[in-house]
C-alpha cells in the first residue's frame, strides 16, 4: 500500500529536510578532477525565484579597478571588429570598444581621437577659425571632422576674442568658396559665462533652440563650447559609457609589448585614451610584466588590462605587477587554432572560473575573451566570475565593423579573421606588427598561424544587436533570480545559484530538434 501524500502546505518545510540544494554548487561543477575542462555548452544555470520584472535588472559592472560600465559588453581589438565606428557605438550603448593596433600608431591615435570627439560635455579645446578663413576651407574642415559648427575668434585661436560662429546654415547654399567667413558668419551667437554648470548650459541650449553654446570669460574670450548634438545623444543613449570628468565617451585600445609600442602608447594617451589592453596571446611574459611597470611609472592614471591568461599562476604575476584588469582566454575563439597548433590553452569555462576565483580576491575585474556565441554563453561567463565579456565573432559582420560587404552564394558577408592568421600577420609587413608581436613572431622567417581567415553573415547594426543582448541578459538574470550582476556573483559564491552538468544528449535536447525545417530569428 502506497504512503499517503504529504500535506502540500508543508512543502517548504519539507524542502529543508534535504541535506543540500538541488543541483551543483559552482565549486562542485568546476571540479576538473571529476569532470575535466568545461566549455559554456557543458553546463546550465538552474532557475531561481522570479519576484521582479526583467527591466529592473541592473547590468552595471566593473571593467577595471576604476572604470565602471553600464553593460558588460566589450568589443575585441581585432582589425575586422573594432575601429572608431564600433568603439563609438559600443560606448554609446553602455559598453566599450578596444581599437586594434594592426595599423600605424598615428592611424590608431586618430581613431581614438575620433571616439573622444564624438560626444563631449564642455569642449575645452574647440576647433576654431579666424575671420579670414574661406568658405572653401570650412567645407573641407566639415568633411574632415564630421561637423560644421566652428567658433570664429580674432586670431583663430582658443582662448581668443570671440567674434562669431559659422554653422552649416551659413554656408549651405554658398557656391563661392573664396568668400571669407567674416562675411557670412553669425555675429552674435548665444554665449554663456565661464563657470556655468553643464546642467545650466544644456538648459540654455534647450531654451534658445540653438545648436551651439559658446562659453566666454569676462573679457569675451572663448574658453569652451557646448553642442546641442551632444545633448541629443545624452537623451538617445542613457547608458553611454563616459568619463566622469570630461563627459567624453570612454575608449580603449590595444598595444603590444615591444619597445616601439611605448611611443604608440604616448600618442594614444595624447588622443585621450582611457584604458589600454596589452595584447598578447600568452600574457605571462617578462615583456608584458616590464610593459606594465613602465606604463605605471609613465602614465600612472591609465588603466591597464593585461593578458591573455588561462591559469591563476599566469594571473598572479600580472596582478602583482599592477594590472587593473585581466583578459581570460587562450585558444577558445571561433577563428583561433592555438589549442590545435600549439597544444596550449584551456577550455574557456574552466579558465574563466579558475582565474576569476583568484583575481576577484584582489579586486581585479576579469574579462572573458573567446568562446561566446550567444546570450546564454554571456550569462554563464558572468556567473563563473567574469565582470565583462569580450566579443569578436559576435560583432563581426555588423554595420559598424571594419570592411566592405561582399556576396557569396547569395549571402551578404564581411571578412572576419583571427589576429593569428597569416593574413593579419602580413597586413603591414611581418616585422613588429600587431599580429606578429601578439604571438611573439616578429623575427620569425616562417610564420606559424594560430588563427584562420573567413567570413561571417551580415548581422545588421549593433544599434539593434547590443540592445538585444542587453534585454536578453536581463531576462536570463531574471530566470536565475538575480536582480543585478553583483547579486549573481554573490549568489553563485554562496551556493544559492546552482548549476547542472550537461551530457552530450542533454545538449542535443536543449537545442532545436525533431523539426523538418525552421527559421531562427533572434530579434526583430
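Every residue gets a Cβ built from N, Cα and C, even glycine.
From a predicted model like this one, the values you see are computed outputs, not experimental measurements.
Per Swiss-Prot, the feature active site, thioimidate intermediate maps to 336.
Per Swiss-Prot, active site, proton acceptor is recorded for 438.
A simple way to gauge crowding: the CB of residue 281 (NAD(+) binding site) has 24 other CB atoms within 10 angstroms, across all the protein chains here. If you look up Swiss-Prot, you'll see 279, 280, 281, 329, 330, 331 marked as NAD(+) binding site.
Feature annotation from Swiss-Prot assigns K(+) binding site to 331, 333, 336, 509, 510, 511; the stated evidence is sequence analysis.
The annotation IMP binding site is assigned in Swiss-Prot to 334, 369, 370, 371, 392, 393, 416, 417, 418, 419, 420, 450 on the grounds of sequence analysis. Cβ neighbours of residue 392 (IMP binding site) (same chain, under 8 Å, six or more residues apart in sequence): 75, 76, 78, 81, 333, 334, 335, 370, 416.
As annotated by Swiss-Prot, domain 'CBS 1' applies to 122-183, with the evidence given as sequence analysis.
What Swiss-Prot records for 185-241 is domain 'CBS 2', and it gives sequence analysis as the kind of evidence.
Long-range Cβ contacts of residue 125 (phosphoserine) within its own chain (separation 6+, distance under 8 Å): 158. Under the heading phosphoserine, Swiss-Prot lists 125, citing a large-scale study or a structure entry as support.
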Suppose we draw a 10 Å sphere around the Cβ of residue 280 (NAD(+) binding site). How many other Cβ atoms does it contain, all chains included? 23
Given the recorded positions 279, 280, 329, 336, 509, which lie close to residue 418 (IMP binding site), meaning Cα to Cα within 10 A? 336
The rounded CA-CA distance in Å from residue 280 (NAD(+) binding site) to residue 336 (active site, thioimidate intermediate) is 13
I'd like the number of other C-beta atoms within 10 A of the C-beta of residue 331 (NAD(+) binding site), please. 26
